[in-house]
């Protein structure tokens, strides 16, 4: 199994590296996402290589040597940061009882394959339902600790996602009356109402208190991994881990961007309605707090004008009542995020990890209705300000090389730049890198010192994600992002070979700082065969050493 995975990874990387190099070109110079060439030339490349995958370490070393010789430097502020590359591990990487790693041999092989592909680390999803199955004070971390040990042994970094939503919500915490509900009374499984954050609905404890207990116990259990291995901790703020209301139809699954409708308001559980009533009474308009909008959108309303509430002109959204309701609705979401991030900040205070949380890239772009039902009536600015206040990285979730995502991400980047929040990206599930995608990916990962992402996570490996097709997808996506970070790929100088160019032939390996750095010795040639079997075998033999 391990040999097969290593062969797939090597073949996938070799197949995609040359293609990515040609895609990045066409006269473009993605200088805004270049690595810190001048700083490395002055201080040496060893410390940088330690934070980079082997292929990128070699490429960056070669480029820094070449450019240091010719003095070809751009704006130092724009090139000083290195964007880390991560890949999400399977959701079921740990057994359901939390005591061991599922398929440990396959996991070790996958980690070695990812190391070969040049990633910096992996994302480990930690389920609250697995870690705390038996209720208060009973935590089981053995399986997750074993997984963290495998990651450390593989020489990779680790971003941990503490999931408290969906299937990760423990059965003992899923009180039906505390769940989010839509207008028809449908309760959203695994999503606690934001109105119960500070209410004792979990056996005498509030959800925020339970979250903080989880965070603290995790921090204590993983103290030996904090810093050297665990560099980032991501906390869940809502459905699919994102700060948002579950405004999409029930059963949509994790890929919420597949839903193109306006969505529905999610404020009809008894606790949310009580909060709305109190807010209306304090505003001097008690009748406005009897229920949510009677003319609000439905799940099957694809166009914003389909509902009277968002009709333009003449919609209720543009009235005093509309502003009252939308401001309260968005305010409840922000208050929830603020409470959870405050709890996380307290729990991880003084620990050498970066706190982060996910924010959705809401589609369809420009839809006032879709943003409002998800809780973003005020746009991304208030969200970025709240994240920055807690020193929390904004993870833009659902990144993919399509125009709609580019436009929404540009707004997120602008909000983060304005309020000083760090930005990271997370791909849509199993994002595909196709011919012609390099320019779109460049727009996603590029930026100046204020807007360039600090991290990119590819989601996600799964039960079938170690197959050849998925490894090719992963390698293609990562190779494009990696080459976008280097000023110019070492074998991308002839852009006329964009369609038929085969990857370079690889030969030998240099052991630098205990990393295997693959070195190419022959220039690519025009060929219909993307990689010869003999070359593939040579790569596998080289990497196996």
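Cβ coordinates come from backbone N, Cα and C, glycine included.
All annotation found in TrEMBL is predicted automatically rather than curated by experts.
Between the listed ranges 454-476, 523-545, TrEMBL ties the annotation region 'Disordered' to 523-545. Matching 430-449, 490-509 against TrEMBL, the residues noted as region 'Disordered' span 490-509. The active-site residues under consideration are 242, 426. Their Cβ neighbour counts within 10 Å are lowest for 242.
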